[in-house]
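Structure record follows, encoded as structure tokens.
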């Protein structure tokens, strides 16, 4: 086991704070509409230019192990805020730095760290309650667009596109962000359920120009196993021919005689039919087939459930208004499933999302939920160069998460105003002792840091700006760093999602509280490398001359 280096009290905290400052100073320059860019070296390709706090934080690794621990703990603040709210990472970092600095001074002055932390926690809870009271719910698409615009650093096109996407696919729908091939940024919406399997044979195509199979009001047979012969389902096929409706078969595979018979019938025009393979693999395939069955009001034909192909009747099949099958995708539009069943299934998937610990599983479950609940929208981000596209994609991702958070928990005035105003709620708090009172005061000072930093990034004096804002009694009154004017933030469309502000403060206070109460640090001592003994070793080779062979 390697030797360890151990540091205590003031020495340990000093190193920690140096690491916190190094990381926070690099991250905080990106805050606000006039925030600056950070250029990050890449091991290959061109450097990455970003204004995304968490991207900067994730790149920082320091040589000194003790300083690095401090930096990594603040990086954890940014990552956690990003995971929970999707935005507000820079605000969280600025808050954490402010709390740690003030807290370290208090500990150095001989105050009890545990009482300080209790005071900090009390103040944070009071501010969170105040934010909830002051929250305004989002109701119109234009408000949704405003939130998106602010998180995308003032790019109105992005805000508008996100608002449009959310209107089309609903709050549960999946909105993905991809890099576009050209300069334009586009929005592409797929309504209904889409899965990544296309037609089994090109003979099923109904529109040769577009290379798609288009089925109107089809019956949908959902079969869990392979179909290699059609003998068991002949009675069912006859019923479908009599109904005059098309048939879509979704099965593990359709092969051999079954495929040949279906193709021949399709070409003769006796039966309008198409077949696709079932999406997913293993247990996920079963779950997705069940989703399709619920969406279309049909049943999964599975021997596990005791249903055989011979016994299948028309009322066991699913229905949909339209099915569009391309080479690699199938889209089911307006399935005939009961609304109550679909809602029940959605709630079941939501419960699974809450329980799962795997990010991959969570992502797949969210995709399934979106396909059932609304649809899928894709925002394709364009730009003149690869570097620009990557930078814009970062901003679109942030804006998307912020907009979702705003719809979920509502909005408060932006530009650091909500936190600064909420600090006034702390004045009524009672502390058990002087050290706790000082902990409460630490938060009162720290919550002004984001507003000051936004002003400083815009070339103004942060202390003067925050003083002027707090002197005004209007709750929404703040400083617009973009125009350099004082105004009503909500009317000007400068708003923050409550969830983002709340999460940033709670995460920052949580990690900063741990840093303040740190008394010892243990790190691996760097091994001293022995000097390279090449010359001496080679000199020793001379002895070989005296050997007897």
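Note: Cβ is positioned from N, Cα and C throughout, glycine not excepted.
What Swiss-Prot lists as ATP binding site is 30, 31, 32, 33, 51, 87, 88, 89, 90, 91, 415, 496. The DSSP secondary structure for residue 30 (ATP binding site) is coil.
Cβ neighbour count for residue 32 (ATP binding site) (all protein chains, 10 Å cutoff from its Cβ): 26. Secondary structure at residue 51 (ATP binding site), taken from DSSP and collapsed to helix, strand or coil, is coil. For residue 415 (ATP binding site), the same-chain residues that are 6 or more apart in sequence and have a Cβ closer than 8 Å to its Cβ are 32, 451, 454, 478, 479, 480, 481, 489, 494, 496. Within the set 30, 31, 32, 33, 51, 87, 88, 89, 90, 91, 415, 496 that the record links to ATP, no two Cα atoms are more than 17 Å apart, and one pair reaches that distance. Proximity of residue 30 (ATP binding site) to non-local residues of its own chain (separation of 6 or more, Cβ distance below 8 Å) is seen for 36, 37, 38, 50, 51, 52, 53, 56, 90, given in sequence order. In sequence order, 81, 402, 496, 500, 501, 503, 504 constitute the residues six or more apart from residue 88 (ATP binding site) in its chain with CB-CB distances below 8 Å.
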